[in-house]
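Colleague: Before I ask anything, let me first share the structure, which is written out below as structure tokens.
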Amino acid sequence: MSDTEHITYSVESNAVYAIVAIAGEWYHNHYVLALRIYLLALTLYDHILTLPQEIDHIWRRKVTGVTVLFVANRYITLCMIFLVFQSTWSDSVSA
């Protein structure tokens with residue numbers, strides 16, 4: 001193999017690796033976004049389904065440490081999910 005053939009092969013090989021890397025990153029980014037949307041939907045679905053029980057068992061009873069802990073756990077977690085979801089949106093394109 002001559003030096004010219006080796007250089008051409010090397011350039012083509014690097015281009016293939018670059019394309020594979022870009023495709024892999026694109027797939028990973030879309031997979032992660034789809035997973036986040038799924039988890040957000042699942043969390044909202046859970047909150048909607050359990051809201052009647054929450055109203056009966058938490059909101060209509062005396063405020064105690066347990067009720068404060070429950071409300072903090074439930075709604076701070078929901079706020080954090082929304083904040084993380086919002087932080088992933090960007091107007092700029094990255095490679």
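Using N, Cα and C of the backbone, Cβ positions are placed for all residues, glycine too.
Predicted, not measured: the structure shown is a model, and the values here were computed from it.
The transmembrane segment feature in TrEMBL is assigned to 31-51, 63-85. Under the heading domain 'DUF6533', TrEMBL lists 40-79.
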Colleague: Which value does the mean pLDDT take for the domain 'DUF6533' (40-79) in this predicted structure?
Modeller: 92
Colleague: Give me the DSSP three-state residue breakdown of the domain 'DUF6533' (40-79), ordered helix, strand, coil.
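Modeller: Here the numbers are 35 helix, 0 strand, 5 coil.
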